[in-house]
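Heads up, the thing below is written out as structure tokens.
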Amino acid sequence: MYLTIYLLHVSVLINGLVCKDPKVVTENDFFTSGLNVAGDTSKNLVGSNVTTVNVGRIPGLNTLGISLVRIDFAPWGINAPHTHPRATEILTIIKGTLRVGFVTSNTENRHITKVLNEGDVFVFPEGLIHYQQNIGHDNAVVIAALSSQNPGVITIANAVFGANPDISADILAKAFQLNENTVKQLQARF
């Protein structure tokens, strides 16, 4: 009796991404550059730009449970209310003064907010809605670390008013205690 063994090349997926063969890993799998370059805050209505450094940009982050963002703010710009479904965020002010905050979960819905200056650090717990606003007359910059190589982001206004297909206006009108025409106007903006 003979035993035939076939060796197959099988890719292993972790977090939906292929794990690279350790024998062919290079320094570039653990490196990126460019965080010294300010993001363009003029390309959106909220006045901010998020530069993401996650597993999509540094393959070596896969399975390590960390990522990073640089957020640039125009004067009075915001990082709109959003949530990270898979990560806690720790934010450090590099330049400027920001008002930051998050809201605890139902039923308390407590608003935790603080004004931060250069060198200050603030934590946003995983899954909670949070935001940042530059309250200065100059540009602001922050660096934030997240406890996932792929933290995800759900921007509340975009998700609710920009859903495709639309969430029915009567549902949103009741949920936000607005009239349906106001909801339709909001949906048209997203």
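The backbone N, Cα and C atoms fix where each Cβ goes, glycine too.
Listed features, source TrEMBL:
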type    : residues                    : note
SIGNAL  : 1-19                        : signal peptide
DOMAIN  : 43-184                      : domain 'Cupin type-1'
BINDING : Asn79, His84, Glu89         : oxalate binding site
BINDING : His82, His84, Glu89, His130 : Mn(2+) binding site
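For the pair Asn79 (oxalate binding site) and His130 (Mn(2+) binding site), the C-alpha distance works out to 9 angstrom. Of all the Cβ atoms in the protein chains shown, 22 others lie within 10 Å of the Cβ of His130 (Mn(2+) binding site).
For the binding-site residues His82, His84, the greatest number of Cβ atoms within 10 Å around a candidate Cβ is found at His84. Helix, strand and coil counts under DSSP for the domain 'Cupin type-1' (43-184) come to 23 helix, 56 strand, 63 coil. Taking the centroid of the Cβ atoms of His82, His84, Glu89, His130 as the Mn(2+) site, the other same-chain residues with Cβ within 8 Å of it are Thr83, Ala87, Phe102, Phe124, Leu128, Ile129, Pro151, Val153.
On its own chain, Glu89 (oxalate binding site) has Val123, Phe124, His130, Ala144, Ala145, Leu146, Ser147, Pro151 as residues at least 6 apart in sequence with a Cβ closer than 8 Å to its own Cβ. For the oxalate site, the Cβ centre of Asn79, His84, Glu89 serves as reference, and the other residues of the chain with Cβ at most 8 Å from it are Val69, His82, Thr83, Ala87, Leu91, Phe124, His130, Ala144, Leu146, Pro151, Val153.
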